[in-house]
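Novice: So that we are looking at the same thing, I have put the structure below in structure tokens.
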Amino acid sequence: MCESFHILCALCRVGLYALYRRLCCKGPNPTRPNFSVLCIGLEGCGKSSILAVLSSDDLHKIEPTIGFSIKAVLFDDCILEVKELGGGEKVRPYWERYFQVFQGIIFVVNSAASEEELALAKSELYKALRHTQLRSLPLLVLANFSDAQGARSSQEVSELLELEKELGDTRHWQLHACSIHNKDGLREIFQQFNKTLLDNLETEIEKRKNSSPQHTNRL
């Protein structure tokens, strides 16, 4: 009952946040590009902790995400506005209600988890990727807890998730092993992901220029 109440509250927050964005975010573009990114994964895979480390937050104050949370993660070349969804069994069926307009996806898995849990993670990953709003978006898969006992290598995680087979060249994707105890490594991973987002933005800007009436008149 308590969890259902939290889910209902979270859904209300989705609507309020969307309204806030429409009313309050129409000012000049920031110096750094701002990308809206979705972060999902099963409960306990470390999504909140990763974002906390990147934001230099206190890890001791991290609580499991039941509905969703939004965190702005700052980098030198851009800002990631990350919407993290809770990964609990009763929350995952509501994921698609949060799928709005994003520029990228982060999927976190526990590399030390059992094969059964990784199989469930795989199922949830591809269920999400098939959603209309998420098709073709760049994907960053984080094999978290790489320093834990029994952790699998990034290659092993890739094979268990069948990333090559399922994704191939249908979208830009990358997989990295990571740990919250290596902040520099995490930031380096995200810088690579950011480059993909920035490249996509540049391509989109060029397309708009080429399709603009002024450009057409010059031809």
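Any Cβ shown, glycine's included, is placed from N, Cα and C.
All TrEMBL annotations are machine predictions without curation.
From a predicted model like this one, the values you see are computed outputs, not experimental measurements.
Straight from TrEMBL, here's the annotation block:
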BINDING   G41, L42, E43, G44, C45, G46, K47, S48, G87, N144, F145, S146, D147  GTP binding site
BINDING   S48, T65  Mg(2+) binding site
SIGNAL    1-18  signal peptide
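How buried are the listed features, and what sits near them?
Specialist: On its own chain, C45 (GTP binding site) has G87, V108, V109, N110, A113, A121, N144 as residues at least 6 apart in sequence with a Cβ closer than 8 Å to its own Cβ.
When secondary structure is read from DSSP and collapsed to three states, S48 (Mg(2+) binding site) falls in the helix class. There are 21 other Cβ atoms within 10 Å of the Cβ belonging to S48 (Mg(2+) binding site).
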Novice: Counting across all protein chains shown, how many other Cβ atoms sit within 10 Å of the Cβ of G41 (GTP binding site)?
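Specialist: Its Cβ has 25 other Cβ atoms within 10 Å.
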Novice: Which residues of the same chain, at least 6 positions away in sequence, have a Cβ lying under 8 Å from the Cβ of F145 (GTP binding site)?
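Specialist: Looking at Cβ-Cβ distances below 8 Å from F145 (GTP binding site), excluding near sequence neighbours, one finds G46, N110, S111, A112, A151, S179.
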Novice: Have a look around G87 (GTP binding site) and count the other CB atoms within 10 A of its CB, chains all included.
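Specialist: Its Cβ shell of radius 10 Å holds 23 other Cβ atoms.
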Novice: To the nearest whole angstrom, what is the C-alpha distance linking K47 (GTP binding site) and T65 (Mg(2+) binding site)?
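Specialist: It is 9 Å, counting Cα to Cα.
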